[in-house]
């Protein structure tokens, strides 16, 4: 009897139809009311939005076609419903009527989805799909399920009509809804972006990742896949949206309080994690399809086995569909996991940049006791503008700062007195060799000193963005251990079902063993922390090496620096080895614990329970034990990885949770009394002192290694608004510090209650630093700096800053790329571009820090007259730091003169300042004497606005019409090259290594197969003899012996490969560093530092861990795969070869298609990472300028764009992994089900044979699929080897040879003969020096003059063989072309205009390799003129233990030049080249230095390139260069006596003719 109509399942679709009708009524009314926005949270209400009219947002044609196809199906269903009601009896009349009503309503919905308006099409389609899906499930239950349990379909009376109806419902409720593209809903309807394919893909396409088919097809057809071919990035994956939504939860400043970054991420992504957990739980249950199906299939085939009503085909179907469903769940889990990884990487990358620009970096890792007073958290009103604020920061151009418990705050940029050195050698810096001068030092003290050494913050932050960021993938596995534990318990539960309470014994054994992995995990976490610190140190050293690599090469320090890096690498590798050893131990536990569990379970089941291990129990339990072992192995693998990731996240969290914020300027200043009438638009300082250390901190009172400079402008200092204010004073008097104080770079301390200062920012602030800072962009973009392009204003700026002639040197003009750190430009050109940036801006306050020091006098006069005195700066408040008082006197309205103690000596008009300040009067007189140099350069430089020496790439830039200098990163095409594979293979070991390795692998694989065979033999004994006669104890012993042998071979092979991989890591890193150090200057000019950092960080990380692990895995799987395949053929016969070949061919085909797409995408992924790193590095180098201009927002926007490019490639790469995985898993599942059906229904075999064959084939197929995937991954990760190899085959300088070693006494003199010397910047470039010939006797001096591009600095490079040359250079009787470069350069010293200093102490900069004692070092400092920049007995000062930040940015430019001179004095070379070496030093100090150098370099040949004519006039010879040719060469006296002498005409036209003739002895 049929159930009542309201109890029949077929009435459910009618109920749903009624609910659908009510909801459609609401849809007709609510969108027209004020409740629309609330309704829109549940139902799409964007159908009438304007963006829906755009082509990319319109309903796709495929949707309309599918809806149109569904309409006749729905009509057919309605007709079938009517037919069923007509032929049905009274008994089913009511139910048939219900079905007819439902199907008729469905037909109306289908019609509305086709012919309705936009408002109705989408919602009616959704209602129709859902109701038909429910109806389909109901009829499956009624008609299909009974067939599985030997029942009768409920609708059997309807015959074919029932099956047609079921098929049509499957089409309308499953297939078509699964194929209809999803509707795109933009996160911002007002600014929608182009939807990504993943956002509009249908459900079936999304489950199988078919939306990637277009990119896969494109890559398959075209091996050179372009970045533009990649799918667009979804709007909810874009960094701007992620930052906007993520910062309120993750950023401590925006949040308003400190919080663990791990907790913040868990809160922010709680929805994704919940979905991941759900997918993991479904997969956990579904993965037992294989063991249950195996057990039931074999049980049904066993004679006299358990009776079951469920037919075998059901279990076979589950054997096929179960893994597919499980794979889909797994891919959903990994998809969400990778989605989170990309988003977290984007957020943290942006957050690290933002945080770097808003805090004092020196306080991030510094945690003094008083840190509680400087809370990171600001009020809500303050934090709102934090990211794009115009506040300033301390001198964070000094990115490399000291990190220690009591020495971590940034130093000032000025110094006072010279301190005696300490008695003990200071802690060795990142770039110095450890040379201890104090005997008996305790090891712990050394380690403590090592921790306190100066840090390179850029290296640390680079590590955050590379190594630590890479660890985020492991961090997203945090919930997997808990899920795996749950799966292990599921395994034990199923084992209990199969083997009874013996499974509990196995569980007990496992629980007993669990504490050991926990202990190993703690050890791994400990070593990971230390390893990361060592990686930080190495990467910091590499970063600093790249920053000063030109100096390293010109000083012949390559071998010593290589040795330093090798030592740091060894320290890192030591902890990598410890980690790998713990990994091996962890892997051993992976094998021992499951084996112990299985042995104890089988022993209990057979010995204690006296039960038989039949085929069904044996093979099904084996499958469960395999799952159990796999879960346990993955658990032990994941826990250390999660712990490592936790360390990395904590490191990043420590960074973003700490640091002293740069407060708003108003908040940092004590307001003046209410009675004060101070105008907020005025620029002034009143009753204030400024220091580089926080007042009252432990650092400010420290007397060792700290420079306690204090800027003390007593009383009130008010600058003239709308005028040029001149700031002058001797070297190290605090001129730069005065600008820094106004910018908020220094700590403000009021000396009186009225103390305050003000820098009006309403009209904007522009700043030109003395140490020029340019972006790796075009000249135009560097000048615009984000401002709109105004051609008239731009051209005027170019004219006034004297850049017109310089731009003519480049075919691309102002569109020429300047290169990284402006490598294509000279110092003068960079200075004028920095000046042009400030002038072009419309800021009302312009701060110029000694912008004239890098210019020759003619150019200085041009800039002073046309630019500083021009109309573009008229009416703007200009603060100009300069030594050239006389030049700026006509345009200056106000002069502030500082003394060496940081106090103001005089202030007022120029005449007033001269009356008050005798030292200033003397300086002006010295300027008047030196003014004649302008005539020299003025006549030589025929064109207006000529600059100084062009950069080393200027001439060659003429060839580059596009203006591009930095070459695009080359990207390999196709498969991993044989050369790259050979590089790694040979680095792993020689022939003996590979023989031992493969023999061990083969023996291990054979033992594993015999172990499985023995289990089968054991189970078969119960069929031929009584249970009591089976020697269980013996069999357990034999099985345990097999397992022990397998462990021995596997562990031994793993140990051998680990040691080989460690050697490969050492060798490859060594070769990489050696290759970079021996590269040509030309290569350095064209390759950004970020690329080198990427090779030394993320690529070396792959070589250290990921690649060797995958490679050993592929070798292991390959060996076992071959042995298993042979076992399958032997056990199942030759027919098994056919399905094996099918699986192999299919897997390899899919793999090849996948790898063709993944390889180029992976390469794009690697290449798109470097711009992110380089942008952050550029920002860190120019933090002061960025904050001064208030350009934080612009840099953050550019960072977001670069992050999006990286995310675009990463998302595509990760999704491609899902594409191949789901196809491989589906192939394996269908194959296993097909074979199972054949074995059950196609052949008459017993249960043992079926089970054994089925398990072997299943294991073989799954192993083959894993092999294909891992092989592809190896090739993808091998891209890192390919990238490293690209840096091994670059252009190198000649290697040292035995024949190139001169005698030990060489050179005995500085005699130099140059004959027909010509030079190029590259082998295929034009000649920039042409047939230069000159001779110098030992001790002689030669001055070189010439106009821009004449080749003055090029002479120095040619003498050092730093560029390709022809002709001969004879140095002390030996042709330098026959002398090794390291020997040559170690005996010629060059002092550049912009010297480079290393992070560390002053001692380490003067003597980085511990070759001199302190007395010698102090003598060199005295001889270099450092005393002339100090006040005797003043507090604080410069000593050998004084800290030097990276690049020496805590020293003034003049002090850096003095230290470079001291370094040259120490080298005692026979030839010294001074290239504008005293340009930034005041005249008095310069005069004293020149007198000192005449003594120190008495027997030294000196070649001087200088703008100050007085220095050149004392030379023995003067060479005038023009266009790379020597137009005149003789001593000054002869040149002045020669008729028609070019040099004589210049001197005769000068205003100081008599003084110059007198200097020449005439």
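If you go along the chain as it appears here, the first residue is 1 and each next one adds 1.
Just so it is clear, glycine is given a Cβ too, placed from its N, Cα and C backbone atoms.
Here is what TrEMBL says about this protein:
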{"type": "COILED", "residues": "910-937", "note": "coiled coil"}
{"type": "COMPBIAS", "residues": "370-381", "note": "compositional bias 'Basic and acidic residues'"}
{"type": "COMPBIAS", "residues": "382-393", "note": "compositional bias 'Low complexity'"}
{"type": "COMPBIAS", "residues": "394-420", "note": "compositional bias 'Polar residues'"}
{"type": "DOMAIN", "residues": "485-644", "note": "domain 'ABC transmembrane type-1'"}
{"type": "DOMAIN", "residues": "683-926", "note": "domain 'ABC transporter'"}
{"type": "DOMAIN", "residues": "995-1264", "note": "domain 'ABC transmembrane type-1'"}
{"type": "DOMAIN", "residues": "1312-1548", "note": "domain 'ABC transporter'"}
{"type": "REGION", "residues": "370-424", "note": "region 'Disordered'"}
{"type": "TRANSMEM", "residues": "12-30", "note": "transmembrane segment"}
{"type": "TRANSMEM", "residues": "505-525", "note": "transmembrane segment"}
{"type": "TRANSMEM", "residues": "584-607", "note": "transmembrane segment"}
{"type": "TRANSMEM", "residues": "619-639", "note": "transmembrane segment"}
{"type": "TRANSMEM", "residues": "992-1014", "note": "transmembrane segment"}
{"type": "TRANSMEM", "residues": "1034-1064", "note": "transmembrane segment"}
{"type": "TRANSMEM", "residues": "1111-1130", "note": "transmembrane segment"}
{"type": "TRANSMEM", "residues": "1136-1155", "note": "transmembrane segment"}
{"type": "TRANSMEM", "residues": "1220-1241", "note": "transmembrane segment"}
Query raised in the report: Taking pairs 6 or more apart in sequence, does the count of Cβ pairs under 8 Å between the transmembrane segment (992-1014) and the transmembrane segment (12-30) hit 3 or more?
Result: no
Query raised in the report: Hey, would you say the transmembrane segment (584-607) packs against the transmembrane segment (12-30), going by three or more CB pairs under 8 A that are 6+ residues apart?
Result: no
Report task. Would you kindly list the residues that approach the transmembrane segment (1111-1130) from elsewhere in its chain, counting only those six or more residues past its ends and only Cβ-Cβ distances under 8 Å? Result -> 984, 997-998, 1001-1002, 1004-1006, 1008-1009, 1013, 1050, 1053-1054, 1057, 1061, 1136-1137, 1140, 1253, 1256-1257, 1259-1260, 1263-1264, 1266-1267, 1270-1271, 1274
Query raised in the report: Given the model, what does the mean pLDDT over the coiled coil (910-937) come out as?
Result: 51
Query raised in the report: Residues of the same chain, at least six outside the transmembrane segment (1136-1155), with any C-beta under 8 angstroms of its C-beta?
Result: 216, 220, 975, 1125, 1128-1129, 1216, 1219-1220, 1223-1224, 1227-1228, 1231, 1234-1235, 1253, 1257, 1260-1261, 1264-1265, 1267-1269, 1271-1272, 1275-1276
Report summary line: Same-chain residues at least 6 beyond the ends of the transmembrane segment (1034-1064) with a Cβ under 8 Å from one of its Cβ atoms are 573, 576-577, 580-581, 584, 587-588, 591-592, 595, 599, 602-603, 984, 987-989, 993, 996-997, 1000-1001, 1003-1004, 1007-1008, 1010-1011, 1014-1015, 1018, 1103, 1108, 1111-1112, 1115-1116
